[in-house]
Amino acid sequence: MTVDTSDYDNDPSAAQDIVLDAGWVDIEGRAAFFCPKHAAVAQFPWKLIREAGHFSIADFARLHAAVYGQAVGDALGVPYEFQRRGTFACTGMVGHGTHNQPAGTWSDDTAMMLATLDSLAENGGRVNTDDMLAKYRAWAKSGEYTPDGTVFDIGNTTSHALATGRGGTDEYDNGNGSLMRILPLAFTDCSDDDIRRVSAITHAHRISTDICVRFIRIARILLHEGTAYSRTEVCKIANIPEDLRFCERRQIQSGGFVLDTMLSALWCLVNTDNYRDCVLEAVNLGGDTDTTAAVVGGLAGLLYGDAGNPWEEELRGTELLETLIAKAAINLPGLHPRSWEVETLRKAGKTARYAII
Ligand SMILES: [Mg+2]
């Protein structure tokens, strides 16, 4: 990394006057990513790092909101998994229920998504399926990527694939187990074949791999177009014959079949205009509540941002999330590589805050 010291010296008193929206800083020779919302408050001698080819502030914000969006959707749905539609009403973050977990606990969906993200970070944004498999196994065996170090839910196809090293190819191996962990690929420039290979680690049937490709295309459209995205285009990419806006709720299946999960998630997305309504709708569809809400929660997160998510503070394991997001932000090539500009700094007369990784 190149360290720019011409504009702001390594002077603690200067740090008192400057607040970054978000960005990289150098603290005593260590690179750290600054995030104003979740960073631990600290005072250190620091330097601004200007580095081409990394995430922009906007990219970081969207990755942050997508990861939290999925984790919160997952945690909202965990207490209601397998419950039938209409037998409950989810209105916020609660604990216990189906898996008897404390409120704010994410499940396998988010743990495996974090493993995907971590692998991409450690491989400079490139797909390394051996490394991903190793990280998925570390989750299943040792509870990596979880708030408590425990695994309380794992799908049959995933379990078998992690044990044998071969993804399921049977038509019955089309649960939503690869869709629920695929989102981080949208933050890289990986190819359709890469996406298929990542799905195939556990879910190698064409239906699963094809849906993962479509899902990442949709996520990339949302990343580029934001809330002005075309709902018709999203439905077309999903290969849905009719516009989901005109489907009735009773037509939406919300079980564990990967196609149902994508359709129910997109139905929630295109029929709402904010994060809260979107994920509550997903949970209240019943069935595979945590996965439907996790899948659409990631999309809604990147679309509506951290500010749209009312439950980030109620999530458990946020230190782990912050560490992995910052690690990814430093190591991924970025969506729109560019240099950091000094103009991103503004004077605010507050103490600078940093996330140290
Ligand atoms: Mg789950």
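In case you wondered, yes, glycine gets a Cβ from its N, Cα and C as well.
What TrEMBL annotates here:
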BINDING   Ser107, Asp108, Asp109, Asp288, Asp290, Thr291  Mg(2+) binding site
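Everything TrEMBL records as a feature, shown here on the structure.
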residue	record	contacts (Cβ under 8 Å, 6+ apart)
Ser107	Mg(2+) binding site	Asp74, Ala75, Val78, Glu81, His99, Gln101, Phe152, Asp153, Asp290, Ala294
Asp108	Mg(2+) binding site	Trp139, Val151, Asp153, Ile154, Gly155, Thr158, Met180
Asp109	Mg(2+) binding site	Gln70, Asp74, Met180, Arg181, Asp290, Thr291, Ala294, Val295
Asp288	Mg(2+) binding site	Glu81, Phe82, Asn176, Ser254, Gly255, Gly256, Thr261
- Item | Residues within 8 Å of the Ser107, Asp108, Asp109, Asp288, Asp290, Thr291 Cβ centre (excluding the Mg(2+) site residues themselves) | Asp74, Gly77, Val78, Glu81, Thr110, Asp153, Asn176, Met180, Thr289, Ala294
